[in-house]
Amino acid sequence: MGEGGEDKSFNFLQVLFEGSIAGGTAGVVVETALYPIDTIKTRLQAARGGSQIEWKGLYSGLAGNLAGVLPASAIFVGVYEPTKRKLLETLPENLSAVAHFTAGAIGGIAASLVRVPTEVVKQRMQTGQFRSAPDAVRLIVAKEGFKGLYAGYGSFLLRDLPFDAIQFCIYEQLRIGYKLVAKRELKDPENALIGAFAGAITGAITTPLDVMKTRLMVQGQGTQYSGIVSCAQTILREEGPKAFLKGIEPRVLWIGIGGSIFFGVLEKTKSMLAERSNNKQLIRDAKSGSPKDE
């Protein structure tokens, strides 16, 4: 019961490896290209009331962030791909959306162990609290303990689990539908366009969760918010409902463009790795004198 013509059986380790390489590559490309937009979004969300945002240092924290984005993206896709394949084998074909949604959530949970500390350090550097990633890690641990690196973990999961699940579900389902209509494999620009749409829609839907996650992560030792519920209540009371949509424009722009780049690079890298594996197999078959189609 393959997806879009994929084989039912698969080599788990190969899919894990290729997914990790493709995910890491896509994550680094997106983060490097769109980091300034992400910085502006973070500063808009962190600003309370009528505070002005700083427009300098839009690449602040990029190097340290890439050190976390590479393994986090690799872990996410490395877990997502084999999980998705296994679920598609197990579930009826009409439940493929459930497979994609569930695999996205599971991939998000696995990647969160790296994503959250990376996000905490990145956002505090973006808001000018630290000058370098090593200093940020050292001072956060010294002042707040190791748990400081996981500040806002609950709100992060509250945002990222539905985000990952919804985004990948929309993307995969649109690709399946497009393939059925076009009756062929999709081209790189088509994958990128579908990725942009999936990213933009998901980014808009999850903006209120992102605002709360940002506030909790950047407050440091502050006690303004004691948790997700406290954060939501305080924002609503002091700033009104509109505050939950702070930064929605750069967020939708960033994730829309990011989705285009991420999924475009992801699919291209996956196809290149698959072609490389097939070529290696053909060479092995030729040497052994037993090609697959004999």
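Backbone N, Cα and C define each Cβ position, glycine as well.
Because TrEMBL annotations are produced automatically, they should be read as predictions rather than curated entries.
As given in TrEMBL:
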TRANSMEM  12-37  transmembrane segment
REPEAT    14-86  repeat 'Solcar'
TRANSMEM  58-77  transmembrane segment
REPEAT    95-177  repeat 'Solcar'
TRANSMEM  97-116  transmembrane segment
REPEAT    190-272  repeat 'Solcar'
Per-region confidence, the repeat 'Solcar' (190-272) (mean pLDDT, whole number):
89
Helix, strand, coil: count each for the residues of the repeat 'Solcar' (190-272), based on DSSP.
70 helix, 0 strand, 13 coil
